[in-house]
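Listed features, source TrEMBL:
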TRANSMEM  20-41  transmembrane segment
TRANSMEM  48-66  transmembrane segment
TRANSMEM  72-96  transmembrane segment
TRANSMEM  108-129  transmembrane segment
TRANSMEM  141-162  transmembrane segment
TRANSMEM  194-213  transmembrane segment
TRANSMEM  233-255  transmembrane segment
TRANSMEM  267-286  transmembrane segment
TRANSMEM  306-330  transmembrane segment
TRANSMEM  342-360  transmembrane segment
TRANSMEM  366-386  transmembrane segment
Amino acid sequence: QKTILENISEEDPDFNGDGYTSLAIIYAVFAVLNWSAPSVISMIGPKFAMVFGAVTYVLFILSFLVPRTWLLYVASVVIGIGAPMIWTGQGNYLTLNSTPATISRNSGIFWAMLQASMFIGNLFVYIQFQGLDKIDKDTRSMVIWVLTSVAIAGTCVVLFLPKPKSDENTVKPTDNRGPVQALKDAGKLFLTKNMLLLSITFFYTGVELSFYSGVYSPSIGFTKQLGDASTQLVGLSGIFIGLGEVIGGATFGILGAKTVRWGRDPIIVGGFIVHVAAFFAIFLNLPNSAPFGNTTEEAFITTNAYLAIFCSFLLGLGDACFNTQVYSILGDVFADDSASGFAIFKFTQSVAAAACFFYSSHIGLYIQLGILLGLAVFGTICFVLVEWSVKQNKSNSQASISSSTSDLEAEVSGKYS
C-alpha cells in the first residue's frame, strides 16, 4: 500500500494520501470497535460476522481503483469497522471447532493457511513489479483487480462454511447472552490478572505486525543503496515474510499434538530469539531514514539484499511463533468465552498497530527497533508467566482429582471390608 500510494502521488499532485496514515486509521477504528464484536457475534454468530467483515475488505481493495485522498481514508474507516468482525469471528469459530487437545494443531494450520496469502500474493506482486522503477497505472490496476477477485472468492467460501460442530468435547457457544451482557463479560475478562499480563504480549504482536507488514518491506524499497532492484525487493520481502509465517504455522500445525505436551512457552522463547536476531541484523543493514522515503544514506555495514530478505524470513517465522501460541492459549484457557478473549486480543493488538503506524512517519528506523526490542522482552516474560500459571493450575486440579479418587476408593474399600 505504501509503495503504490507513493507512485500515485508522483503521478497526481492532487493526491496526498499516505499509507501509514491509512493503516493508522484502520487500526484505530479496529481497536475501538473490537469491543462491539462479541455483542455482534452473540446476535448473528461467528460465520455471518466473518462474511460482513470480508465484504469490507473487498470494498477497501476496490477503492484503490479510484485514487482520491478522501476515499482512501473513508475506505480505511470502512475496513476498520469490518476487521474486528472477521478476526473475532474466526477466532470464535476456530475455538468452537477445536478441543483442548486439537487447539494448538488447528491454530497452526489456520495460521499457515492465512499467511500463505503473503507468500502467494507477494510472489504475484514481485512478478508484476519486475523490471519497473515506477509502478504505472496499468500495473496497479492489474494487481488491484486480481486481489479483488481473490477477496470475493474468499468471501464466498466463508459464506458457505458449515455451522460449528458441537459435541461433548468442544466448547459450546454462549448463544443465550445478549449483546449488552457480552460487552460486560468482555470488560470483566480484560481486567483479570492473566488477561492483563497477556495484553503486554498482544501489544508486542501489534507493534511487530505493523513493522513487518507496513514498515520493513517499504524500507527495503526506499533504500537506494540496493540499486535499481530495490522496488522489486518489496515484493520479494513479502514473499519471504510469508514463507517464514507458513513454515512456522505448518510446523506447529503438524507437530501440534507433540508440542502441546511441552507447553507453549518454549515456542514463544524461540520466537523471541528469532526476532531479536532479526532486529539486530536490520539495525546493521538498513539506514535510519529508510522508513521515510527514497534514501541514499549508508547503514553501519554495506547494505546487503540477501541479508535484508533473510531478515524478512526471520520476522515471519518469529511472528508465527507468537501468534500461533496466542491463538492456542486463548482457545484453551479462555474457551468458555472465546469471542471476548479474541476481541481483547485484537483490541490490544490494534491499538499497538495504530500507534506504530502513527509514529512510523516521524521516528527513524533505529528507535523503532529499540521499541520492538523492549516490548519483545516484556511480552515474552508476561506470556511465560501466564503459561506457567496455567500449568500450575492444571497440575493442582489433576492432583486434587487424583486425591479425591484415592479417598473415594479407600472409603469404598473400607466399607466393603
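Here the Cβ of each residue, glycine as well, is placed from N, Cα and C on the backbone.
In this chain, the transmembrane segment (267-286) does not touch the transmembrane segment (72-96); fewer than three CB pairs sit within less than 8 A of each other, excluding pairs fewer than 6 residues apart. 141-162 is the stretch from 20-41, 108-129, 141-162, 267-286 with the greatest number of Cβ pairs below 8 Å to the transmembrane segment (48-66). When each of 20-41, 108-129, 141-162, 233-255, 306-330 is scored by its Cβ pairs under 8 Å to the transmembrane segment (342-360), the top-ranked stretch turns out to be 20-41. Only sequence-distant pairs (6 or more apart) were considered; of these, fewer than three Cβ pairs between the transmembrane segment (141-162) and the transmembrane segment (233-255) are under 8 A, so the stretches are not in contact.
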